[in-house]
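Here the structure is laid out as structure tokens; the discussion comes afterwards.
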Amino acid sequence: MANVVVVGAQWGDEGKGKIVDWLSERADVIARFQGGHNAGHTLVIDGKVYKLNALPSGVVRGGKLSVIGNGVVLDPWHLIKEIDIIRGQGVDISPETLMIAENTPLILPIHGELDRAREEAASKGTKIGTTGRGIGPAYEDKVGRRSVRVADLADTATLEARVDRALQHHDPLRKGLGIEPVDRDALVAQLVEIAPHILKYAAPVWKVLNEKRRAGKRILFEGAQGALLDIDFGTYPFVTSSNVIAGQAATGVGVGPGAINYVLGIVKAYTTRVGEGPFPAELDDADGQRLGERGHEFGTVTGRKRRCGWFDAVLVRQTCATSGVNGIALTKLDVLDGFETLKICVGYELDGKRMDYLPTAADHQARCRPIYEEMPGWSDSTEGARSWADLPANAIKYVRRVEELIDCPVALLSTSPEREDTILVTDPFAD
């Protein structure tokens with residue numbers, strides 16, 4: 001049976017939640033493999049809106065196993081709150097439908113405090129634009145081998161030792177930032193209190209998933225954010241603190257790379273970005289405002305207004321290469337309805353030279369200027385289209401040109417937030 005990885009191929013907010021939900025109906029397991037609760041998914045099912053940050057999108061589908069892998073950093077208090085909210089919407093969540101990898105690092109209150117203090121202390125031009133939820137510092141502790149992990153919650157003595165090790169690092173850091181030392185006993189008490197609520201979902205996820213694979217079950221690997229926020233291949237330092245590209249799916253849950261049969265890149269028909277960092281095709285004019293208003297471009301987590309621009313084929317071609325994308329799901333095509341002329345970024349001008357990729361150095365990225373190709377728009381609506389025959393001729397030409405420029409075919413086309421408004425070209429789950 002084919003297993004599918006879903007990754008964002010831009011800066012996040014591409015519409016992954018809808019596509020994952022659309023695919024999850026045919027998957028047996030849905031697994032989150034990286035990120036934290038800094039990335040939000042909005043799902044619309046039968047007119048009901050679900051907003052998820054920490055939970056995999058599969059939880060709203062009955063009879064599926066949802067998994068939070070070791071590549072995720074988990075805020076246990078946020079997770080329990082989110083579970084309660086989703087349960088209140090009539091969704092059943094139990095240890096039979098949700099598993100958390102025992103080796104998943106936890107986000108502690110000290111991580112959020114450090115995250116926010118650093119952003120406040122940063123001078124203009126050095127702010128990353130984080131959500132302030134502690135994801136970056138939690139990953140720092142993971143790499144620094146001082147994380148409190150899910151399994152540590154099962155034994156108080158081990159838990160206290162882990163907390164003490166973390167505070168040896170955090171207290172001097174906090175002193176330098178002018179923050180009070182951590183109340184060690186209060187933190188331990190908080191963790192002891194939350195422990196039973198988390199431990200009932202704890203499992204050796206690597207073992208469970210490998211058994212599911214041998215049994216021929218279909219696994220859908222769900223990424224958060226977007227490949228341009230990848231810690232290695234994104235617009236560093238304006239990136240997230242984890243690997244976002246498809247290769248992380250294997251290490252983020254504990255399966256081999258051979259478990260991945262198809263990589264689906266989610267791509268918006270235009271470009272958006274939240275927070276700081278380079279954005280060559282950004283629009284500060286009426287067209288950019290129109291894209292933002294029509295696309296309802298406000299962050300699910302922060303409510304921050306997203307920066308908007310024309311479709312950047314250079315960036316998407318690059319992320320399709322680094323993630324090994326087999327096909328893309330092109331979303332929000334309907335937002336482009338009514339534009340008389342559309343532009344696609346097909347290259348950059350950097351210090352008088354033409355570039356066909358985004359350079360690595362941050363100062364070079366900041367100086368890249370877009371080279372555009374113009375295409376005629378369309379006046380008819382594409383919203384709700386469910387077949388190619390429903391699309392205006394110029395919309396089809398736009399999609400075909402995108403395919404040519406990014407060297408990757410369109411596998412799915414999304415024309416509204418409703419999961420049924422999807423045109424299937426290639427089935428990612430096909431064996």
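Cβ from N, Cα, C; glycine included.
Note that the structure is a prediction, hence the values are computed from the model and not measured.
Binding site for IMP per Swiss-Prot: Asp13, Glu14, Gly15, Lys16, Asn38, Ala39, Gly40, His41, Thr131, Arg145, Gln225, Arg304, plus Thr240 from the candidate set Thr158, Thr240, Thr319, Thr322.
The Cβ of Gln225 (IMP binding site) has 27 other Cβ atoms within 10 Å, all protein chains considered.
When secondary structure is read from DSSP and collapsed to three states, Thr131 (IMP binding site) falls in the coil class. For Lys18 (GTP binding site), the nearest neighbour among the binding-site residues Thr131, Gln225, Arg306, judged by Cα separation, is Gln225. Reduced to three states, the DSSP call for Arg306 (substrate binding site) is coil. Residue with the densest Cβ environment among the recorded positions His41, Arg306: His41, by other Cβ atoms within 10 Å.
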